[in-house]
Amino acid sequence: MNGSKSPGLAGFGVLKNTTCHTEKKISVFFSIIFMTVGILSNSLAIVILMKAYQRFRQKSKASFLLLASGLVVTDLFGHLINGAIAVFVYASDKDWIRFNQSNILCSVFGICMVFFGLCPLFLGSVMAVERCIGVTKPIFHSTKMTSRHVKMMLTMVCLFAVLIALLPILRFRAYQIQASRTWCFYKTEHVEDWEDRFYLILFSCLGFLALAISFLCNAVTGITLLRVKFKSQQRQGRSHHFEMIIQLLAIMCVSCICWSPFLVTMAIIGINEGRSKDTCETILFALRMATWNQILDPWVYILLRKAVLKNLYKITSGCCGVHVINLHMWELSSIKNSLKVAAISESPGSSKQINLQPLSSMGQ
């Protein structure tokens with residue numbers, strides 16, 4: 001029954017001698033809370049994105065809005081599908097042998113866990129790349145980063161994540177019911193075959209690669225914005241600098257804190273051939289940490305906007321007794337500023353009327 005190449009029985013080997021005991025009421029509570037909060041947060045973000053996309057549909061900000069929409073839609077379906085399966089498993093008293101004889105539900109659960117885990121990380125890295133191009137090369141961004149190109153990137157990212165999720169099925173390797181009997185993933189116990197180790201290490205490496213790309217691009221973006229801030233003598237360019245830097249710090253901190261425990265745990269299990277000292281409670285805690293990233297994504301990418309930052313700045317300045325700078329001079333965002341650069345540079349004779357020295361530094 002432990003044979004990994006028998007799809008019908010592969011998932012049930014762990015049920016015979018499980019050493020992981022989770023409190024049912026607490027586990028159901030966590031699953032329902034995570035699913036509800038995730039669905040509400042991402043639904044609110046989708047409504048905000050739809051309204052924003054209608055306003056900026058013909059502008060360069062549309063590319064960012066499309067990528068953000070893909071991210072929150074992915075997170076929404078991830079909470080909806082994975083959460084519904086998890087609640088069903090708890091409601092069935094985790095009796096997999098009764099409702100999963102052919103291992104179809106476990107395979108679907110495992111595919112969804114991998115896809116909805118990697119896809120947001122990939123989209124986050126693509127958003128970081130898009131933001132970096134928009135800040136460092138605004139003219140190139142406004143002319144080449146069209147909605148059609150962004151949709152192609154979204155499709156390629158989703159197809160790549162689907163391929164990674166289907167790889168074990170294509171190789172006739174069934175997803176395994178984990179020791180807690182509440183979710184399915186790659187084989188994490190008694191990993192002896194090189195292919196089972198490969199899947200765990202591949203998942204971790206792809207996740208860390210996405211985080212590294214996001215960190216690198218966000219660092220370049222932040223440094224560029226700081227250089228422009230210190231070089232510019234005009235106050236009107238300060239708002240989007242502060243706004244973007246705060247968003248970059250929040251994005252990097254949330255992604256690294258939430259995903260690092262799970263990615264490190266899977267990598268250790270793959271390297272140590274499943275003989276690591278991590279208990280199933282530790283793995284469940286790391287999984288819940290990763291789930292929080294999908295809950296916080298809409299708040300970091302979408303809801304942490306200029307209006308919120310402006311109010312927080314006023315409250316903080318009032319509490320600390322710091323003089324409040326005239327904030328109505330702030331511009332909308334760096335993406336809109338990039339569009340202004342492109343529009344001015346492409347209009348004939350505009351260089352004679354408007355001094356582009358402060359704005360042109362964005363492309364240096």
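A Cβ is built for glycine as well, from the same backbone N, Cα and C atoms used for every other residue.
Per TrEMBL, the features are:
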{"type": "TRANSMEM", "residues": "26-50", "note": "transmembrane segment"}
{"type": "DOMAIN", "residues": "41-301", "note": "domain 'G-protein coupled receptors family 1 profile'"}
{"type": "TRANSMEM", "residues": "62-90", "note": "transmembrane segment"}
{"type": "TRANSMEM", "residues": "102-129", "note": "transmembrane segment"}
{"type": "TRANSMEM", "residues": "150-170", "note": "transmembrane segment"}
{"type": "TRANSMEM", "residues": "198-226", "note": "transmembrane segment"}
{"type": "TRANSMEM", "residues": "246-271", "note": "transmembrane segment"}
Seminar exercise, completed: In the domain 'G-protein coupled receptors family 1 profile' (41-301), averaged pLDDT is 84
For this session: Could you tell me what the rest of the chain brings near the transmembrane segment (150-170), counting residues at least six beyond its ends with Cβ under 8 Å?
Result: 62-63, 66-67, 70, 74, 107, 110-112, 114-115, 118-119, 122-123, 126, 130, 186, 199, 202-203, 206
